[in-house]
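Feature annotations, reproduced from TrEMBL:
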type     : residues : note
DOMAIN   : 87-479   : domain 'Amino acid transporter transmembrane'
TRANSMEM : 92-112   : transmembrane segment
TRANSMEM : 118-139  : transmembrane segment
TRANSMEM : 173-194  : transmembrane segment
TRANSMEM : 200-222  : transmembrane segment
TRANSMEM : 229-254  : transmembrane segment
TRANSMEM : 274-295  : transmembrane segment
TRANSMEM : 307-330  : transmembrane segment
TRANSMEM : 350-383  : transmembrane segment
TRANSMEM : 425-444  : transmembrane segment
TRANSMEM : 456-478  : transmembrane segment
Amino acid sequence: LFFFALMTSPSNELFKTRQRLSSHGSYGGAFKISGTSPSNPSIHLLGPRTSNYADQPGSYAPFTIGTRTSSIASGAALLPQEPTVTKASSTATVFTIINIYVGLGLLAQAYALQRGGWIALAAMALCGLMCAYTGKLIVRCFNHMDLELYQDLGGATWSNLADYLLGWTGRSVVTFLTVTEFFGAGCMAMLMTWKNAQAVLPWIAFEHIAVGVTCLVMPALLLESFGDLAIFSVIGACTKILTATIPIVIYLTWSPTWQEEHPVEYQVVNYDTLPMSLGVIMLAYSAHACLPSVYSAMEKPEDFPTVVNVAFSSMFIMYGLMGGMGYLVFGSGCSPLITQDAFTAATEDWQIALCTFIVGLVSWATFSTTVPVVGVLTDFIAVLIPTNVWVNTRLSIRKLRIVMCLLLAIIAYPTRNYLGYLESGIGIISLMVTLLTPLVFNHFMFASEMKWYEKFFSIFMIVVCIILTIIIGFYSVMELLRTLGLVEYDGPPPPAH
């Protein structure tokens, strides 16, 4: 309020500048809260508006939240007459990409090794390499897309790119995959919040925690802007760092007594559940929708390939250390949430206090993930509802958010004992969105310009991704049926996670 009063004071030179600029038009950038990563929604700089709206005298670029916009007219006071945009350096972009991608999937990397064995580290590196490659492809496709045709439909979105290349069928398929991915991510975030809250409050029944946490999520869904939850992004970043240190701290301060009471077993390759491991790994690399926005905000776009390589290499190191140390400590006993395992190994008072503190932060982080995921999912659903039965108003959007939140909770509750399978299922969708979709887009857009070996490689990669999707899906479903006792299991009993 003090800053606003200072800026609007008639004696303030900036106030006079704003009055002068208002008669000539103003300029602004735009931000968009989008489901860039189902496990880690973020705010991204989209850059200057280029539509006619931004060129009208006295207009300014709005802040876009889903399908609704709001604005801050006084922002023009801080801007010179000549439009300027602050771009991100290459180093800052590396950290931006890492912060967007590294979300809830970090908590499950030790479980990925438990499902696949030590060979999962090699699979983790291969998945990171392929995702870095397809990340460059998707940005290349958006750079060659005619965005003027889709200015009124959201601009550079995956659905619009699919429509541009494949027509209505492509748009429908991509929209279905996106909605399914976010729906699964919402269930996963909700379930993780419940489980982490239960770890901190073990004396409360899980059913009561589920109801209580869901009720706490609902008021946050009534916010006009999810930017009001920005403080949780800072908490989330700190949580990622602290969570990654848990297995290392436990390993270095391992209690001999606990080690004797909990002998661990390792496997080099776990053939039965290796496909499920791949699904969990792909979950951690799913956020390609953010890359076009990140690219447009770069100071040196020509450095983008190097930035992507460095970012994905760093993510592999982070996931590898997290998963490897977690598997080294807990072995075949790893669960889908490393934070729950940490409580079982904490014997000293300071270890219990550390785990409680970190799990508390993780609970807040998963809470702050749930709210934007529900909001983005609501925006997707609202567009699909016929206009004759739906009036897009602020009140109706908020009501729809509440309905979606309750629906996610109802679906998530029966999966409370099968979080690993839910993560793997979302990973399958992520594989199609993160790997398969960019390859298909790139092939249809540049096939006429490709040489024969480039075209052969493109088709080969598409076929490989389709085969991987089928294999991972089939074996994950079979493993779930075995766990439920619906299919005979020849080997040892599967762990009851």
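Cβ coordinates come from backbone N, Cα and C, glycine included.
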Worksheet item: Taking contact to mean three or more C-beta pairs under 8 angstroms, with sequence separation of 6 or more, is the transmembrane segment (200-222) in contact with the transmembrane segment (92-112)?
Response: no
Quick tally over 118-139, 173-194, 274-295, 350-383, 425-444 of CB pairs under 8 Å to the transmembrane segment (92-112) gives the top stretch as 274-295
When counting C-beta pairs under 8 angstroms to the transmembrane segment (173-194), the leading stretch of 118-139, 274-295, 307-330, 350-383, 456-478 is 350-383
